[in-house]
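Some notes on the structure that comes next.
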Amino acid sequence: MASPKLSAVDYVILVVLLLASAVIGAIFGFVKSKKSSAKEFLLADGGMGVIPTALSIMVSFLSAITLLGTPSEVYLFGTMYCYQAISWTIASTITALVFMPKFREMNYTSAYEYLEKRFDRRVRMCASIAFSIFMLIYMAIVLYAPALALSASKSIGFNFEKNIANPFHTATGLNIWLSVVSIGVICTFYSSVGGMKAVIWTDVLQALVILVGLLAAIIQGLIVLGGFGPTFSKAWKGGRIEFNSISPDPRTRHTIWSLLIGGSMNSLSTYGFNQTQVQRYMCVRTTRGAKQALFINAAGAAIVIILSTFIGIILFAYFADCDPLTTKQVSDVDQIFPFFVMQVLSDKQGLPGVFLACIFSGSLSTISSGLNSLAAVIIEDVYKGLMGKKLTDQRQGFISKIFSVVLGAVVILLTYVVSYLGSILNAALSLFGVLSGPIMGVFFLGFFFPQANRHGGFYGFLASLFLQLWIFLGAQVTRSQMKDVRLPLYTNNCSFPFNSTTVAPSTIKRDPLIDLYSVSYMWYTPIAVATVLVVGLIVSYLTHPLKPHETNPKLLIRVDNICCCCLPKRIRDYFRCGVDYENQFEEKNVLDDDIEMLAHETYDKDAKHSVSSKAASPVQLDKHTKMKHKSHSNVVAPTSSTSKIGVEAHENPAAILADQESPSDQL
């Protein structure tokens with residue numbers, strides 16, 4: 001029996017779309033690049049439009065992982081996962097209204113610079129390292145996903161005599177690891193050359209290709225199955241249609257509570273506090289435009305999840321009587337969707353190529369944005385923050401490109417480790433909770449709790465990280481002791497012989513902490529955030545909590561304005577924790593007026609870049625910038641940060657004033 005193969009047209013489409021990504025990078029790297037600067041490479045000069053940025057935000061963390069992982073999740077566990085569409089919408093909306101405006105107001109290149117201003121350098125470095133480790137592993141997962149799909153769709157290498165399938169033997173003689181290296185090299189090239197503009201415009205192309213690929217699979221699947229009625233009928237009989245799981249047991253894989261609460265917080269850790277997404281917000285011209293981009297993303301992300309869920313229903317209906325996983329036609333559940341595509345679309349020349357190309361391009365743009373953000377974090381937080389080095393804007397842009405190349409090579413090597421993690425969706429979401437959860441928690445502690453001090457932030461983060469790693473590693477070690485909650489799969493109408501394997505009941509002694517390790521991965525982020533807040537506040541109160549005047553209000557988010565605006569003034573004052581926001585804003589206005597006056601006094605009309613003899617001295621500037629309350633290590637001066645891209649350090653105070661008024665430095 002001949003296996004379905006990719007046609008020459010499929011390969012042409014695949015190559016053209018991959019080359020299109022590289023060409024976009026080359027255009028923005030060599031043709032349209034005005035200057036080799038860090039602001040252009042990392043922030044696209046702050047001039048991107050709403051629609052391209054919205055599509056980029058949407059597909060950055062909803063690419064190959066979602067396309068392969070969500071259908072297989074529904075295939076094995078049912079449709080409860082579709083509540084993630086609501087979770088992503090909630091998270092995107094909260095980010096647009098609460099956190100994104102604050103990050104744009106602070107205008108830090110690295111989001112984790114805030115943690116040093118609010119707490120201390122230890123907290124900043126811990127968060128930066130956790131983010132770097134998480135993104136490296138996550139990008140390796142994203143890189144492995146399309147290679148996995150390619151191995152399934154170019155081969156089935158099925159031998160009916162031995163009844164086995166070899167995923168590494170392909171019809172074209174290509175190996176899965178050759179695919180990994182090829183994708184990694186192309187991605188590293190265009191991300192290191194084109195910068196953020198190339199990343200965003202490639203994401204636009206990716207979004208269109210993903211939509212075409214999903215719709216093609218859905219339409220052809222419905223045609224083969226006979227329409228919506230037979231499709232949902234088979235899925236219903238197989239127990240895949242489920243929307244009412246309300247169990248309060250946190251060990252239940254998916255419930256309404258775990259998906260709406262845990263899923264929303266998991267998504268919020270991505271949209272609100274992930275450096276990759278924060279950089280996207282800084283690329284938009286205005287804060288209003290960034291809000292619009294997030295609202296558009298909320299709708300787009302929900303559509304992608306719903307379509308992917310529907311594909312999972314189609315997959316089960318198609319394989320309802322002969323499961324390819326049980327019959328060894330595929331070696332991993334994440335290969336079922338590509339296997340279906342080759343079975344259903346292989347006679348339609350070009351459509352399998354479009355499907356593979358959308359997964360490939362999705363991984364390319366996700367990895368490229370990750371490389372871009374990792375370069376920013378390493379340079380800002382490690383080289384400039386920890387080591388105290390100074391770089392010109394152009395020099396930083398060049399070094400960012402070098403780091404992108406090095407990190408790309410590291411990601412390719414890590415892909416080998418990722419291949420042993422199992423289901424890519426479960427692995428990716430578990431990592432979100434383990435490493436992103438503590439980061440989100442320490443931001444919550446800093447934004448909403450003025451009493452929290454640097455000791456609370458540091459030990460709260462470490463306690464949360466250690467607890468998450470303990471649960472995650474315990475879950476991996478005791479996986480064989482956990483109850484298999486997969487829904488039944490059927491092989492009663494297979495037209496070929498196969499050997500089925502029955503797993504004998506485990507005789508291993510039950511781990512006493514198996515209930516803790518069995519907690520659904522959806523609860524990882526809420527557990528992490530709660531641990532940071534509880535431990536952080538306890539440690540803060542044991543080591544002198546900050547007084548209201550010891551915390552800079554510019555580093556806080558007003559809870560009374562977010563969720564208590566309709567309550568009586570007494571209650572709103574309670575949630576302010578004694579912080580005097582009104583006087584702070586008055587002082588800020590006076591400060592701005594004084595700086596503007598000094599800037600006019602020191603500007604020499606005859607020499608545009610010189611300073612007149614009446615230039616303000618450092619003593620004068622210090623007099624005008626001194627805060628009303630006594631200084632504290634957790635308080636930052638209201639002057640612009642020298643680590644912002646596009647602003648270089650000056651020894652002359654008047655030059656600082658001139659830089660603050662320069663329109664070219666505003667995003």
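Cβ coordinates are placed from backbone N, Cα and C, and glycine is handled just like the others.
Note that TrEMBL annotation is computational and uncurated.
Note that the structure is predicted; figures quoted are calculated from it, not measured.
Listed features, source TrEMBL:
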COMPBIAS  633-644  compositional bias 'Polar residues'
REGION    609-667  region 'Disordered'
TRANSMEM  12-31  transmembrane segment
TRANSMEM  74-99  transmembrane segment
TRANSMEM  125-145  transmembrane segment
TRANSMEM  176-193  transmembrane segment
TRANSMEM  205-228  transmembrane segment
TRANSMEM  255-273  transmembrane segment
TRANSMEM  294-320  transmembrane segment
TRANSMEM  354-378  transmembrane segment
TRANSMEM  398-418  transmembrane segment
TRANSMEM  424-449  transmembrane segment
TRANSMEM  456-477  transmembrane segment
TRANSMEM  521-542  transmembrane segment
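Taking residue pairs at least 6 apart in sequence, the transmembrane segment (12-31) and the transmembrane segment (294-320) share fewer than three C-beta contacts under 8 angstroms.
Annotation: stretch 205-228 has the most Cβ pairs under 8 Å to the transmembrane segment (354-378), among 12-31, 74-99, 205-228, 255-273, 521-542.
Through the fold, the transmembrane segment (205-228) approaches residues 17, 20-21, 24, 55, 58-59, 63, 67, 234, 300, 304, 307-308, 310-311, 314-315, 317-318, 337, 340-341, 344-345, 348, 351, 354-355, 357-359, 361-362, 364-365 of its own chain, all at least 6 residues removed from its boundaries and within a Cβ separation under 8 Å. Two recorded stretches are said to be in contact when at least 3 C-beta pairs lie under 8 angstroms, sequence spacing 6 or more; the transmembrane segment (398-418) and the transmembrane segment (521-542) fall short of this definition.
By the Cβ criterion (distance under 8 Å, sequence gap of 6 or more), the transmembrane segment (176-193) is not counted as touching the transmembrane segment (255-273), fewer than 3 such pairs being found. Two recorded stretches are said to be in contact when at least 3 C-beta pairs lie under 8 angstroms, sequence spacing 6 or more; the transmembrane segment (255-273) and the transmembrane segment (521-542) meet this definition.
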